[in-house]
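Below is one structure, written out as structure tokens; comments come after it.
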Amino acid sequence: MHLLPREAEKLLLHQTGFLAQKRLARGFKLNAIEATALIASVLQERVRDGLHTVAELMQHGKEILGRRHVLPSVPSMIEMIQIEGTFEDGVFLVTVHDPICTDDGNIQFALYGSFLPIPSDSYFLLSPPSAYAPHALPGAIILSQSHGETIGINVDRRRIKLKVTNNGDRPIQVGSHYHFIETNAYLSFDRLRAYGKRLDIPSGTAVRFEPGDSKTVTLVDIDGNRVISGGNNLASGPVRDLTNGLGDEILRRLQAGGFAHVSEPDAQEPEMSEYTKIGRDAYVAMYGPTVGDKVRLGDTELWVQVEQDMTDYGDEVKFGGGKTIREGMGQATNRSSSEALDVVIVNALIVDWSGIYKADIGIKNGLIHAIGKAGNPDTQRSVHPDLTIGNSTDVISAGGMIVTAGGIDAHVHFICPQLIEEALASGITTLIGGGNGPSAGTNATTCSPGIRGIEEMIIASEGWAVNVGFTGKGNDAGGGAEGGLAKAVEESVLAGAIGLKLHEDWGSTPASIERCLDVADKYDVQVAIHTDTLNESGFVESTIKSFGNRTIHTYHSEGAGGGHAPDIIVVCGQENVLPSSTNPTRPYAKNTLDEHLDMLMVCHHLSPSIPEDVSFAESRIRAETIAAEDVLQDIGALSMISSDSQAMGRIGEVISRTWRTASRMREVRGPLQNLGDTQESDNARVKRYISKYTINPAITHGLSHIFALHFTDDTERFSLEMDRGLQPGILPNERN
């Protein structure tokens with residue numbers, strides 16, 4: 001059986017669609033993935049029948065599922081479904097816009113080809129209208145009322161109104177940032193008065209002139225360095241006074257090129273205060289939310305309010321046909337690769353520990369180069385000096401999207417390579433931990449032992465597009481009471497370990513803790529610790545004493561993942577301790593406790609037939625401390641969340657469980673009013689929680705000089721201080 005890759009993908013689509021049909025037949029409402037797969041797979045079967053045209057299937061796709069068959073948020077999430085099918089006359093694309101647009105759909109259409117029984121309509125009651133309200137949907141946007149219903153564009157610039165006629169026999173469409181003097185020769189208008197100007201319309205839009213049409217348009221001065229480039233080379237160069245012969249020279253070029261020109265000496269020049277305005281709703285639809293607008297984070301109870309917009313109203317950069325990022329317009333000309341960005345991410349809503357703001361993000365040499373206003377400094381206002389878009393620049397559009405720093409998982413058991421794909425798919429781009437593959441030691445501890453263990457893991461990771469840091473085994477008392485560094489521990493750091501890990505399964509005794517911290521002090525690396533659940537060498541106070549006021553990262557500081565029973569959680573109150581949670585306990589839910597016993601029995605090679613092993617496991621699972629962990633994360637006493645991947649955590653859920661915790665705390669504890677949050681805005685809480693898998697682990701493990709977002713030296717421009725908790729055990733409030 002020879003299948004093309006796309007045909008193999010269709011088999012996966014069919015399996016997913018059939019699974020969705022079975023769930024629908026059982027009377028369960030579908031989620032977005034299930035609904036998409038069901039509609040797409042049914043359409044593929046209709047294509048195979050050979051009885052329908054593309055146009056017929058485009059309509060049929062809108063009649064399969066109704067709002068009653070899916071969860072309330074699904075209709076708004078699925079704006080379009082496209083499938084490629086083999087019709088009798090070839091392979092064609094079927095596009096279904098707004099596929100779930102009726103209440104009832106047709107359940108028989110939905111189960112077409114499945115031979116499953118038709119369920120009763122009583123299973124599929126419509127949700128109340130409030131469930132479909134715009135503010136109740138995931139990612140909802142609430143427009144600012146205090147910042148006005150309109151937004152002014154191209155303010156404080158000179159304008160002129162000119163009559164323009166299309167003398168050609170074909171339509172002419174002119175984009176917002178096209179130098180108007182350089183337009184099609186068949187457009188007749190006063191070109192000299194259009195010198196140095198462009199259309200005064202929203203950035204990336206256009207004005208269309210049909211054959212024979214005349215219309216009056218408003219032009220506005222270009223900004224920035226005011227340099228004309230491109231077009232028909234009629235007026236290239238810096239914009240200057242048209243006297244001293246320049247106007248005559250341009251007229252000669254116009255005549256030589258056959259460009260229509262009609263003088264309009266009485267053209268109206270509006271006052272600068274008479275700038276163009278567009279509705280806030282239209283602006284947000286084109287460029288995403290701006291200052292004062294509120295955005296719901298997914299389906300959580302968290303809302304963020306945009307604090308600042310670094311783009312310039314009227315000079316936003318957009319890519320596409322007739323849009324802004326074209327040569328001489330939003331793309332600068334005659335710039336070398338060294339002067340321009342490699343990639344620019346435009347119109348992003350950035351959610352970061354440092355602020356919640358709208359900006360463009362420039363990438364150069366594989367790193368974030370600058371954040372601010374990108375574009376062409378020759379024609380646009382406020383372009384950041386390090387954010388020039390040139391011929392060598394590619395574009396990623398982020399309008400209407402949220403951009404965050406890549407996540408850091410600081411507790412990874414490197415058991416198998418598949419965890420890297422799972423991490424990347426969830427937004428984690430940096431993995432810190434240890435192990436050497438599927439060994440007993442790796443399953444239980446995050447240690448890459450010895451020189452060879454470190455070197456082989458570094459080599460093995462080179463083929464993956466992910467940042468990795470490996471921790472060496474720190475459990476070695478070295479020369480004992482006589483002092484002296486542990487030889488193998490020191491060798492691990494010299495071999496390339498990013499830090500060291502102390503784990504009770506290797507013996508986290510006070511002696512080994514002290515020697516490990518000695519090595520870390522010498523080489524300026526971090527130590528992470530899984531403390532002594534058995535209380536074998538002493539209680540938690542003994543371990544804290546062995547730290548000696550030195551900074552250390554305590555894993556799963558609540559204790560379910562391991563550590564002094566039952567009171568390891570007290571380390572969160574130590575100023576020198578940087579505590580983290582692992583995600584199996586995030587947040588405390590009704591099923592949290594039930595999964596844990598068997599999970600840790602497997603991870604730590606314990607036997608249910610040995611009473612002491614069972615007691616050891618049970619001592620780690622405490623509903624009271626898991627519930628307290630939620631609150632400690634919310635007040636900042638716990639500063640990080642990681643996975644403990646496969647031993648006991650889930651690497652693909654670091655980010656999702658962080659926000660589940662934040663949302664749960666918003667429901668239970670209300671807004672963080674002491675940090676400036678209100679019933680309508682949760683900016684401070686959002687900054688606190690995004691810190692838990694970005695800047696906080698970066699600082700903890702010495703990576704903040706690489707992974708922190710640097711867009712400004714003036715952090716005071718934000719209305720909320722970049723507070724990450726400022727409780728005992730929280731990271732220092734550094735400005736990186």
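Just so it is clear, glycine is given a Cβ too, placed from its N, Cα and C backbone atoms.
Remember, it's a predicted structure, so these values are computed and weren't measured experimentally.
When H556, H564 are compared with the Ni(2+) 2 site residues K501, H530 in TrEMBL, the one appearing in that site is H556. D644 is the residue from D248, D266, D634, D644 that TrEMBL records in the Ni(2+) 1 site together with H411, H413, K501. Listed in sequence order, the residues H411, T445, T446, L502, H503, E504, A528, I529, T531, T554, Y555, G561, G562, G563, D644 complete the 8 Å Cβ shell around the Ni(2+) 2 site centroid, once K501, H530, H556 themselves are left out.
DSSP assigns H556 (Ni(2+) 2 binding site) to coil in the three-state reduction, outside any helix or strand. For H413 (Ni(2+) 1 binding site) paired with H503 (substrate binding site), the C-alpha to C-alpha distance reads 12 Å.
Taking a C-beta cut-off of under 8 angstroms and a sequence separation of 6 or more, H530 (Ni(2+) 2 binding site) has the following same-chain neighbours: T445, K501, L502, H503, E504, D505, S508, Y555, H556, G561, G562, G563. What surrounds the Ni(2+) 1 site, by Cβ distance within 8 Å of the Cβ centroid and not counting H411, H413, K501, D644, is the set V412, G433, G434, T445, T446, A528, H530, Y555, T582, S642, S643, S645, A647 from the same chain. Figure note: comparing Cβ neighbours within 10 Å for the binding-site residues H411, H413, H503, H556, the maximum is reached by H411.
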